[in-house]
Amino acid sequence: PPPHFKLQDDGSIQAVNALRAVHGTQYHHGSIAQIIYVASGSSIDWTYGALNITFSYGVELRDTGTFGFLLPADQIIPTGEETLAALSALLRYIEKHVYASGGTRTVAPCLYQVGFFIFSLILAIVR
């Protein structure tokens, strides 16, 4: 595992637990190769390795294979609510465990990307 595996894994556990608490949706956490499929040279590898961003994650949202990435309208808002809860929990975890400990790896680009994603998600929910 990478040097920051425990930090990454604990952060993903926090996110998955927060997501599950919203509507009871079951998500799994772990490496992409273990949970989804083998993917080499992904942007997650690049952000972790080249940009030194410790908290580099890949997330696949609902569903379980019935609809693919084209969710029925009645699942869009619940998915947004769950995702917002998960990202909020992850940001709290990052703040607590990286900033509080004087972490030296790059966090700002990750927070910028997550912040932009949350802003986009809120806009989508409001529409």
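Start at 1 and count along the chain as shown; that gives each residue its number.
Here the Cβ of each residue, glycine as well, is placed from N, Cα and C on the backbone.
Straight from TrEMBL, the features:
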ACT_SITE  Glu60  active site, proton donor/acceptor
DOMAIN    1-94  domain 'Peptidase M14'
TRANSMEM  106-126  transmembrane segment
Response to the item:
For Glu60 (active site, proton donor/acceptor), the three-state DSSP class is coil
Worksheet item: Within 10 Å of the Cβ of the residue listed as 'active site, proton donor/acceptor', how many other Cβ atoms can be counted across all chains shown?
Response: 12
Practice prompt. Using DSSP, break the domain 'Peptidase M14' (1-94) down into helix, strand and coil residues and give each count.
Written response: 52 helix, 1 strand, 41 coil
